[in-house]
Amino acid sequence: MAEPGSQGHTVGPLLLLLLLLLPRALPEGPLLFVALVFRHGDRAPLASYPTDPHKEAASTLWPRGLGQLTKEGIRQQLELGRFLRRRYKAFLSPEYKREEVYIRSTDFDRTLESAQANLAGLFPEAAPGSPETDWKPIPVHTVPVSEDKLLRFPMRSCPRYHELLRESTEAADYQEALEGWTDFLTRLGNFTGLSLVGEPLRRAWKVLDTLICQRAHGLDLPSWASPDVLRTLSQISALDIRAHVGPPRAAEKAQLTGGILLDAILSNFSRTQRLGLPLKMVMYSAHDSTLLALQGALGLYDGNTPPYAACMAFEFRGSSREPEEEDGENVTVSLIYRNDTSRPPLPLRVPGCPAPCPLGRFQQLTAPARPPAHGAPCHGSYEPASPPATVPLLAGAVAVLAVLSLGLGLLAWRPRCLRALGGTV
């Protein structure tokens, strides 16, 4: 019998059963594979607005042009690369090896340059300042923006995605929030010279982007751009992002956006393991929208925009437990998010799974957000699923195996054919 006052420490049969049924975190084993998705570094504003007091001096303030990577952005990516070198020093070879690391970027100057700066920190021999005899340039792969469905997504070209977005923006809670900001957007339109009421919220976001970039570079903001105004603009931006990656129909949106990248990451790992390839790391240099869509697909969007050089890591590890336990799962997935250089990276947990998460459970939980095998509907037909986004090294290995299989098949077929024709074996 329990002593008085000790009832709170008694575990009943039902509670014990619930505890046993809860997903359990597995001990982390050796690192097998890493996928990194990071935002480009600090850049110039993407645009200006009619009454921008710094508009006339733009060519002086941003000598490389609007939207281009700044010196601070280069420094941020160099520092991120050095952080990655420290974290994965024991996992990666000291020098770049093409069979171990693959880098993909969107086809924008700022992301291509960010990838190069990052690699200069990760592999110092890739730094332009290295002695000429030691300098080893590292390839960064890309595809035209119009063809990029891995890191840019079919947002503008996909009718089905626009149907889903329209459903979100016509929802009662969205319209109610928007109505509450009508007076604010009217005043902001008067201040900026832009028409903002009844227009896509991205136009208001561009004002916020310009102000944030200018403030970060020590420029004076207009008197109307108070902290309260910037805070309200951030809230409007968060509403717009939720409409793009959140409910309703968040899973179907993800199948056309971040779920494509998530599926490619899982496919790259599984093929690497199945084929016994030496590939260890895949790096994606992209945008805040890429990370936001990926967070949406994982159910991890928290209302905040990823800062410059923010990085999400998918770390696949072998479990140290016996593979015959439970469902035979012996691989775990850990999600790491680095969004602040002054603090250690944050461990993330996919809803419904402990950290680290068993790979099978991770695949099960994220399946609704990933494109089905036949692809996700877009133009009345189907967008292809992940195979086109697979790292070419893996695709090449599959092709080689296919050729070998075909060759072996022909060798096996030839004697039977010759026998049928009465020829010699």
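Quick reminder: no glycine exception, Cβ is built from N, Cα and C everywhere.
The signal peptide annotation in Swiss-Prot covers 1-27 and is backed by sequence analysis.
Residues annotated as topological domain 'Extracellular' in Swiss-Prot: 28-392.
Under the heading active site, nucleophile, Swiss-Prot lists HIS40, citing similarity to another entry as support. Here HIS40 (active site, nucleophile) comes close to LEU69, GLY73, GLN77, PHE108, ARG110, THR111, GLU113, SER114, SER285, ALA286, HIS287, TYR308, ALA309: these same-chain residues lie at least six apart in sequence, with C-beta atoms under 8 angstroms from its C-beta.
Counting every protein chain shown, the Cβ of CYS158 (disulfide bond) has 20 other Cβ atoms within 10 Å. The annotation disulfide bond is assigned in Swiss-Prot to CYS158-CYS378 (among others).
Sequence-distant neighbours of CYS213 (disulfide bond) (same chain, six or more apart, CB under 8 Å from its CB) are ARG43, ALA44, PRO45, listed in sequence order. Under the heading disulfide bond, Swiss-Prot lists CYS213-CYS311 (among others), citing similarity to another entry as support.
Annotation comment: Swiss-Prot describes ASP288 as active site, proton donor, evidence class similarity to another entry. Taking all protein chains in view, 16 other C-beta atoms sit within 10 angstroms of the C-beta of ASP288 (active site, proton donor).
For the recorded site, CYS353 (disulfide bond), the DSSP three-state label reads coil. A sphere of 10 angstroms centred on the C-beta of CYS353 (disulfide bond) encloses 19 other C-beta atoms. What Swiss-Prot records for CYS353-CYS357 (among others) is disulfide bond, and it gives similarity to another entry as the kind of evidence.
The feature transmembrane segment is assigned by Swiss-Prot to 393-413.
Residues or ranges marked as topological domain 'Cytoplasmic' by Swiss-Prot on the basis of a curator's inference: 414-425.
CYS311 (disulfide bond) sits 21 Å from CYS353 (disulfide bond), taking the CA atoms of both as reference points. DSSP classifies ASP288 (active site, proton donor) as helix under the three-state reduction. Ranking the recorded positions CYS158, ASP288, CYS378 by Cα distance from CYS353 (disulfide bond) puts ASP288 first.
Recorded residues ASP288 (active site, proton donor) and CYS158 (disulfide bond) have their alpha carbons 20 Å apart, per Cα-Cα distance. With respect to their backbone Cα atoms, CYS158 (disulfide bond) and CYS357 (disulfide bond) stand 33 Å from each other. Taking each of the disulfide-bonded residues CYS311, CYS357, CYS378 in turn and counting other Cβ atoms within 10 Å of its Cβ gives the largest count for CYS357.
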